Amino acid sequence: MIMDIKEKVIDALVDNAGSFVSGEELSRGLNVSRTAVWKYIKELKGEGYVIEAFPRKGYRVREKPDLLLPREIERYLNTSRLGKFIECHSRLDSTNRRAKELGLQGRVEGTLVVAEEQIKGRGRLDRQWFSPRGGIWFSLLLKPLLSPYQAPLLTLLASLAGVKGVKKATGCSLSIKWPNDLFLQGKKVAGILTEINAEMDRINFVVAGIGINANISPLYFPEDISSKAISLMEEKGEPVSRPKVLASFLNEMEVIYNKVQEEGFEGLIDEWKKYSITLDKQIEVKTPRGIIKGKAVDINEEGALVVEKEEGGVIHLLSGDVYLR
């Protein structure tokens, strides 16, 4: 009951963003005392909402809040499973680590872990992932009815959801570099790390971790990645709504996720290819067994990159660092 009233208080302020709503109006509309309204306002401020209070005018939020909190994400969410349980953190070592922990505890499919900041964010091959405030750092717990050998295809699924979700939320057109990077204007704007917990013949759960450079100033990127990274804010020239971007990703992810489990991955792979900046390019791939040079010609039914090698022959790669030549 208490949470319901607090939800209504912030909803009233957000719906009238930029305008004042009097304490008396809130009190009357919610059937609570003005002292109770003041208490809820104080709690909301503690959660990060910037709420102004003026005598004889009331309360207001200047603009819609850009907080990665359940109620803000849910404003834009149209899913039946993904994101129905949301765990939010101001600061976390790794959303993937926490989501795996929840997976081992048996939490429901679609559980979402979100952090305003990661202090030990990871990318592929355990590389550090720059995850400051202003970005969107989250992990999704999935329990797909798939065989373990199909797990790499979930990275393609997440990358396609990222392209479509960001486009709908911001208008930005992204492309995909196999296996797990999203690019904007030739620079990396997002990355995906999928991790699997499985038996020989079945998947117990998958954690899909996604990091999006949303509202990060180009001046804030470390020197070693500043020439290779970009944010959505830099492209748009103004901050984007992070809750809207995250919810848009989940909306697209659920549609594609449900479809592949009903119809298979063929349609997904065909659509993924439309956004690829890897296919039909001369590439160099760093693998644990050495460097492979050649032309990327296809993605097979397992999500592997098919490469025609310079010295002849064809190889199918499920992992590796790809460099366009």
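Even glycines carry a Cβ here, placed using N, Cα and C.
Feature annotations, reproduced from TrEMBL:
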- 23-42: DNA-binding region (DNA_BIND)
- 62-261: domain 'BPL/LPL catalytic' (DOMAIN)
- Ser94, Thr95, Asn96, Gln118, Arg122, Gly123, Arg124, Lys188: biotin binding site (BINDING)
Residue numbers, six or more beyond the limits of the DNA-binding region (23-42), whose CB comes under 8 Å of its CB atoms: 5-6, 8-9, 12, 51, 53, 58-59
Helix-strand-coil residue split for the DNA-binding region (23-42), DSSP-based: 17 helix, 0 strand, 3 coil
Fewest Cβ neighbours within 10 Å, where candidates are the binding-site residues Ser94, Asn96: Ser94
All-chain count of other Cβ atoms within 10 Å of Thr95 (biotin binding site): 27
Cβ packing number for Gln118 (biotin binding site), 10 Å threshold: 26
CB contacts for Lys188 (biotin binding site) [other CB atoms within 10 A, all chains]: 16
Model confidence over the domain 'BPL/LPL catalytic' (62-261), averaged pLDDT: 93
